[in-house]
Amino acid sequence: MGYINNGFEDNNQQTDIGALVRSGREVLFQAFNWESHKHDWWKNLERKVPDIAKSGFTSAWLPPATHSFSPEGYLPQNIYSVNSSYGSEHLLKALLQKMKQHKVRAMADIVINHRVGTTQGHGGMYNRYDGIPVSWDERAVTSCTGGLGNRSTGDNFHGVPNIDHSQDFVRKDVTAWLRWLRHNVGFQDFRFDFARGYSAKYVKEYIEGAKPLFSVGEYWDSCNYNGHSLDYNQDSHRQRIVNWIDGTGQLSTAFDFTTKGILQEAVKGQFWRLRDRQGKPPGLMGWWPSRAVTFLDNHDTGSTQAHWPFPSNHIMEGYAYILTHPGIPTVFYDHFYDWGSSIHDQIVKLIEIRKRQDIHSRSSIRILEAQPNLYSAVIGENVCMKIGEGSWCPAGREWTLATSGNKYAVWQK
């Protein structure tokens, strides 16, 4: 199979921060896991760029590239240093250059909810940033996490100083840093870490200031449970994600944690969960598919952290769902590269069908079956799929089997 045109060369898309969301033809790749810092990561990824591009991914989300107190990158300190446990600045820039050559955009992991201080200040806390670029004092830290700033505009990330985005000087410095990541380092897309920690209106300001081509926020809170049992109705959960996207001026997409939570229960023999009371998909995808970034697992939920993992024996049913459905699908590194060539090739085949049949984030969907052991749907005009143990195939001679595997099948016209 030849290289798929990822729509990268459209000059309009280099300046228009809404073009890619309007197009709706993104397929994302999370290009790391929780242990990646142990494995000379920038070099490892550089070798894989041709395969990532050939597989049809438009953007690869990289781990936090800046200097961090923790090797995984999520406790940033000197934000203008891109020498990290993943590799040197030189190796990072070589990777980004290779990605650019292969027309895969690089997504930076933006960790701006919290920052580890260098110096003890007010109250004996490490809430000053002396001796490094962006040398803030205690006013940059929220009063609820030991600083002299205002109260947080979101939830606290405990254990480290949380940044007070209500301060003009903080936002000015953050915007300048994001612009540096875009124009000096070479990232094109942003993923906003711990987006619950600060008001979405600041994300809007940062996107407008730095102009990433595509943005996605991690607005992760708990689904609705009744004891240990997941509620059928998750409307309030997806509404909170909708509210966050609205708060960004609709400039950012968001990870569809609602769909993940429902889908990983559905595949255990509860496929009735995959149709809401209005007959639509029950996650964010069913309400606002053009802003819903669907996924099965990431470095937090899966990998060695395994905080909320997708059932490993149902992974391909999960990918058959998100890669044929509206929304913006994401594939996780572990599944693609660590779970064997068969899984890799099955995922590539699903992406190929998605692109060939022009399934996009706003494609129409008609759910045909949502029974305990069977789910089936028609997406767009030319794709039909089923997952689950129940036997089913579409009526009509115009349908031909495009791909199939354990407990899933996809047909096309």
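First residue shown is number 1, and so on along the chain.
A Cβ is built for glycine as well, from the same backbone N, Cα and C atoms used for every other residue.
Taken from TrEMBL, the feature active site, nucleophile applies to ASP193.
Around the Cβ of GLU218 (active site, proton donor), the number of neighbouring Cβ atoms within 10 Å comes to 21. As annotated by TrEMBL, active site, proton donor applies to GLU218.
For 26-354, the entry in TrEMBL reads domain 'Glycosyl hydrolase family 13 catalytic'.
Note on the domain 'Alpha-amylase C-terminal beta-sheet' (355-413): DSSP counts are 2 helix, 29 strand, 28 coil. The domain 'Alpha-amylase C-terminal beta-sheet' feature in TrEMBL is assigned to 355-413.
On a Cα basis, ASP193 (active site, nucleophile) lies 5 Å away from GLU218 (active site, proton donor). For ASP193 (active site, nucleophile), applying a Cβ distance below 8 Å and a minimum sequence separation of six or more within one chain yields PRO64, TYR74, ASP109, ILE110, VAL111, ILE112, ASN113, GLU218.
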